[in-house]
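What TrEMBL says about this one:
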type	residues	note
BINDING	LEU131, THR132, PHE159, PRO160, SER161, ASP162, ASP245, HIS248, TYR270, TRP310, ASN338	pyridoxal 5'-phosphate binding site
COMPBIAS	478-489	compositional bias 'Basic and acidic residues'
DOMAIN	200-289	domain 'Aminotransferase class V'
MOD_RES	LYS271	N6-(pyridoxal phosphate)lysine
REGION	460-489	region 'Disordered'
Amino acid sequence: MTDQTKKAVDLFSEAYARSQDEQDPLSSFRSQFIIPTISDLHSKILVPTFQDQPQQCTYLCGNSLGLQPRLTSQYQQHYLHTWATKGVYGHFTEIEDSKLPPWLHVDDDVIGDMCHVVGAKKNEVAVMQTLTANLHLAMASFYRPTAERWKIIIEGKAFPSDHYAVESQLLHHNKDPATSMILLEPEDPENPILSTRQILATIDKHADQTALLLLPGIQFYTGQFFDIPTITAHAQSKGIVVGWDLAHAAGNMPLQLHDWNVDFAAWCSYKYLNCGPGSIGGLFVHERHTKVSTASSSSRPDYTPRLSGWWGSDKSSRFAMENLFTPIAGAGGWQLSNPSVADMTALRASLDIFNKTSLAALRKKSVALTGYLEKLLLASTDVKDCFSIITPSDPEQRGAQLSVRLSPGLLDNVMHVLENKGVVVDERRPDVIRVAPAPLYNSWSDVLRFVQVFREACKDASDKKNQKQTEGSVMVEGGKDDKGWSEVK
Ligand SMILES: Cc1ncc(COP(=O)(O)O)c(C=O)c1O
């Protein structure tokens, strides 16, 4: 491209977005997902009336709930049919034309592919429970307070479930959260990013008394991606155990949990992993914590203490119904219960899609697509006073999501317009909308449509706000004489 043609490119044109989509090597993945139509989104019944040419919505909310892969219902049919026709034999029966293994092995079946997603060895991942439950199970093993070290460092704006989990762990050990929870707060409230420098300094300050550091891979509100290897190594060098909540990072960022020497991590599968609401979670435990010594007839095996259940016990003796818990060597030894086959089936479908590409290819597209979103927003000078982007501008410090902070008083109206026009993003009060182009199913055209509608929404919301303010000041003027000030509060 010459300099002249480069200049002529209009990023806001539909032709440009379409041409980018045509050149996208991952574009065919979009058709493997069910994208809701606008009328389906607005309908209050399960099966809406037939429409000639239903328009797909613009879905940029995979950071909250990923879309349904078409494979999911096919695989769920296999599962339901097996259950219907085999009953309990479904646990053991190999079915030739089913995409699923006997239920007894559904957990093992997904491990290899899940390890790939988070950069772990096969013995370091368990697919089990849910995110908050897994954080608790990990803390039961790795938060072992002593008289010298008992504090937990966490962000002040952590996802509330993580805050509650940490607080309750402290209370469980008779520690006072007010003095034992070290909350990392942004230095500048206008820029709610936590720099690595600040995190390392906080670790240094509390190192002698801190037992555990728990941080998110990607911060849910700002979209900031933390420097996991640097922070992990630094905290560990001070004797602190390090855990990561990867809710917004799993399936979004290439991760190397084993190489980064992370102690433990937990994640969910309903965001970028597209397994459906509340679906099964994941747990990573570094292999140095998962060794199990052989039990003798007189002594129990030696292993990292944990809260246990039968599914974590040695598979070969699981049905022997003896009372000697012998954990599976590996993260699998943290499992409690037999897993939901419906959840595992959804995960199998999801991972079969991830297997058709690579996280490197997805990340490459993601950087470009989120970069396009950022460029369009920054070039939307007509509404520049309505918002700012709080996610770091450095692509290395973010994943797919941009968090857009609206000027006070605009959020409700902006969301109202977006929803009406079939643009799906989510809001985080008081003033942020999160916009996440997921590289598996989003396109340049989606991003362009979002920005077009967002600009309309900002203009509409500002007009309404100005109108309200004008009416308010008229009331104030009038109020002075005959209505009183209280009317305008
Ligand atoms: C960062 C983060 N942590 C924890 C949770 C809680 O997850 P769960 O309800 O699966 O335990 C969420 C849910 O969205 C989240 O985004």
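Even glycines carry a Cβ here, placed using N, Cα and C.
The shown structure was predicted, so the numbers you read here are calculated from the model rather than taken from an experiment.
The structure, with features from TrEMBL marked on it.
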| residue | record | Cβ within 10 Å |
| --- | --- | --- |
| LEU131 | pyridoxal 5'-phosphate binding site | 26 |
| PHE159 | pyridoxal 5'-phosphate binding site | 18 |
| SER161 | pyridoxal 5'-phosphate binding site | 14 |
| ASP245 | pyridoxal 5'-phosphate binding site | 28 |
| TYR270 | pyridoxal 5'-phosphate binding site | 23 |
| LYS271 | N6-(pyridoxal phosphate)lysine | 29 |
| ASN338 | pyridoxal 5'-phosphate binding site | 15 |
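Summarised as a single figure, the pLDDT of the domain 'Aminotransferase class V' (200-289) averages 98. Residues LEU131, THR132, PHE159, PRO160, SER161, ASP162, ASP245, HIS248, TYR270, TRP310, ASN338 are the ones the record ties to pyridoxal 5'-phosphate, and the longest Cα gap between any two of them is 31 Å. Taking a Cβ cut-off of under 6 Å from any atom of ligand 1, the binding-site residues PHE159, ASP245, ASN338 reduce to PHE159, ASP245.
For the pair ASP245 (pyridoxal 5'-phosphate binding site) and LYS271 (N6-(pyridoxal phosphate)lysine), the C-alpha distance works out to 13 angstrom. Secondary structure at SER161 (pyridoxal 5'-phosphate binding site), taken from DSSP and collapsed to helix, strand or coil, is helix. A separation of roughly 15 Å, to the nearest angstrom, links the Cα atoms of PHE159 (pyridoxal 5'-phosphate binding site) and LYS271 (N6-(pyridoxal phosphate)lysine).
Of the recorded residues, SER161 (pyridoxal 5'-phosphate binding site) and the residue listed as 'N6-(pyridoxal phosphate)lysine' place their C-alpha atoms 16 Å from one another.
Under the three-state DSSP scheme, TYR270 (pyridoxal 5'-phosphate binding site) falls in the coil class. Each residue contributes its Cα atom, and for LYS271 (N6-(pyridoxal phosphate)lysine) and ASN338 (pyridoxal 5'-phosphate binding site) those atoms are 23 Å apart.
Classification of LEU131 (pyridoxal 5'-phosphate binding site) by DSSP places it within a helix.
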